[in-house]
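Chemist: So that we are looking at the same thing, I have put the structure below in structure tokens.
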């Protein structure tokens with residue numbers, strides 16, 4: 001059960017399920033299915049499977065079932081990885097983060113159902129689960145020996161690129177929080193047309209302010225990704241890991257902008273809205289991997305300095 005040969009398929013399964021949890025959470029919010037099971041948790045309307053199953057209940061119940069399954073699969077992956085490849089420096093911290101944030105996510109979700117948290121607290125739910133997904137995603141890349149295939153274990157990342165990468169990660173995470181807040185406050189179509197309602201730029205409602213904040217932070221995050229990409233391409237032309245990684249980050253953020261604009265133009269088409277959530281999930285997972293490389297590079301540098 002916890003054999004090394006199970007690691008690859010198990011890591012793919014865990015990544016897919018965690019991505020599905022992200023999508024499920026977005027679907028619950030987009031369809032207004034948060035109260036699909038009433039104020040009852042972990043049961044649904046006081047039962048394991050309620051007799052009356054309207055669409056809101058089915059969506060909420062499916063999300064809870066997927067979240068429970070993800071906890072089982074991630075725990076299985078974590079135990080297997082810890083046992084078989086725990087000697088790799090990043091594996092144990094990633095295992096701990098994966099499970100810890102998955103549990104925190106479940107508790108925040110339960111609190112939202114039982115005590116009806118306000119929108120600003122509920123928006124944290126997506127960001128917390130995103131950290132858990134990213135940990136599983138990075139663990140999967142390590143399991144598939146991406147480090148060896150692209151010489152990622154030999155990458156030296158200079159101080160400037162580190163600053164660009166951390167700035168990119170922070171801006172993106174704050175932008176993701178405001179995006180979740182847009183969903184929870186039902187502000188998707190607030191503040192007029194995209195990119196700006198030039199005939200009336202002043203926000204008038206809380207929803208307008210939330211939407212404007214999201215667009216502003218999305219712009220800042222996009223600029224930070226472009227600056228990191230520009231520096232990486234100029235100074236790391238011969239390094240495949242850096243070149244591919246930062247190029248992928250730029251392409252994903254462009255797709256994110258496109259789907260964000262299309263969400264408004266299509267009056268929040270459900271498929272486009274879910275695609276918007278999925279793209280940012282993998283974007284943050286990729287940036288998490290770049291941060292792991294950054295920390296590894298820093299660690300190697302310190303070892304070399306201590307050797308002298």
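Glycine is no exception: its Cβ is also placed from the backbone N, Cα and C atoms.
Fair warning: this is a prediction, and the values are worked out from it, not measured in the lab.
Feature annotation from Swiss-Prot assigns topological domain 'Cytoplasmic' to 1-8, 89-93, 145-161, 237-244, 292-308. Residues or ranges marked as transmembrane segment by Swiss-Prot: 9-29, 68-88, 94-114, 124-144, 162-182, 216-236, 245-265, 271-291. Summarising the annotation, Swiss-Prot assigns topological domain 'Extracellular' to 30-67, 115-123, 183-215, 266-270 and lists sequence analysis as the type of evidence. Among the features that Swiss-Prot reports, disulfide bond is placed at 37-44, with the record citing sequence analysis. Residues or ranges marked as active site by Swiss-Prot on the basis of sequence analysis: 60. Marked as heme o binding site by Swiss-Prot on the basis of sequence analysis: 63, 125. Per Swiss-Prot, heme b binding site is recorded for 214, 276, and the stated evidence type is sequence analysis.
Mind mapping these onto the model and telling me what they sit next to?
Modeler: Across the topological domain 'Cytoplasmic' (1-8), mean pLDDT in this model comes to 83.
Other Cβ atoms within 10 Å of the Cβ of residue 37 (disulfide bond), summed over all protein chains shown, number 23.
Residue environment of residue 60 (active site) contains 22 other Cβ atoms, counted within 10 Å of its Cβ in all protein chains. Following the DSSP three-state reduction, the secondary structure of residue 60 (active site) is helix.
Tertiary neighbourhood of the transmembrane segment (68-88): same-chain residues 1-4, 6-7, 10-11, 13-14, 17-18, 20-21, 42, 95, 98-99, 102-103, 106, 132, 136, 139, 142-143, selected by CB-CB distance under 8 Å and a gap of 6+ residues from either end.
For the topological domain 'Cytoplasmic' (89-93), same-chain residues at least 6 beyond its ends with a Cβ under 8 Å from one of its own Cβ atoms are 81-82, 138-139, 142, 292, 295-296, 299.
With DSSP classes pooled into helix, strand and coil, the tally for the topological domain 'Extracellular' (115-123) is 5 helix, 0 strand, 4 coil.
Cβ atoms under 8 Å from those of the transmembrane segment (124-144) belong to residues 7-8, 11-12, 14-15, 18-19, 21-22, 25-26, 74, 77, 81, 85, 88, 90-91, 94-95, 97-102, 104-105, 108-109, 112, 173, 176-177, 179-180, 183, 277, 281-282, 284-285, 287-289, 292 of the same chain, restricted to positions at least 6 beyond its ends.
Remote same-chain partners of the transmembrane segment (162-182), defined as residues 6 or more beyond its termini with a Cβ less than 8 Å from a stretch Cβ, comprise 29, 119-120, 122-127, 130, 188, 210-211, 213-214, 217-218, 220-221, 224-225, 227-228, 231-232, 249, 276, 280, 283-284, 287-288, 290-291, 294, 297-298.
Residues 26, 29-30, 119, 122-123, 126, 175, 260-261, 263-265, 267-268, 273 of the same chain lie 6 or more positions beyond the ends of the topological domain 'Extracellular' (183-215) yet place their CB under 8 Å from a CB of it.
Around the Cβ of residue 276 (heme b binding site), the same chain contributes 179, 256, 259, 260, 263, each under 8 angstroms and 6 or more positions distant in sequence.
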Chemist: Taking pairs 6 or more apart in sequence, does the count of Cβ pairs under 8 Å between the transmembrane segment (271-291) and the transmembrane segment (9-29) hit 3 or more?
Modeler: yes
Chemist: Treating G and I as helix alongside H, and B as strand alongside E, what does DSSP give for the topological domain 'Extracellular' (30-67) in helix, strand and coil?
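Modeler: DSSP classes over the topological domain 'Extracellular' (30-67) add up to 14 helix, 2 strand, 22 coil.
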Chemist: Need a quick answer: max count of Cβ pairs under 8 Å to the transmembrane segment (216-236), which of 9-29, 94-114, 245-265 is it?
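Modeler: Comparing 9-29, 94-114, 245-265: 245-265 has the most Cβ pairs near the transmembrane segment (216-236).
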Chemist: For residue 44 (disulfide bond), find which of the recorded positions 60, 63, 125, 214 come within 10 Å, Cα to Cα.
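Modeler: Near residue 44 (disulfide bond) by Cα: 60.
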Chemist: Under 8 Å between C-beta atoms and at least six residues away from its ends: which parts of the chain pack against the topological domain 'Extracellular' (266-270)?
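Modeler: Same-chain residues near the topological domain 'Extracellular' (266-270) but 6 or more away: 27, 30-31, 188-189.
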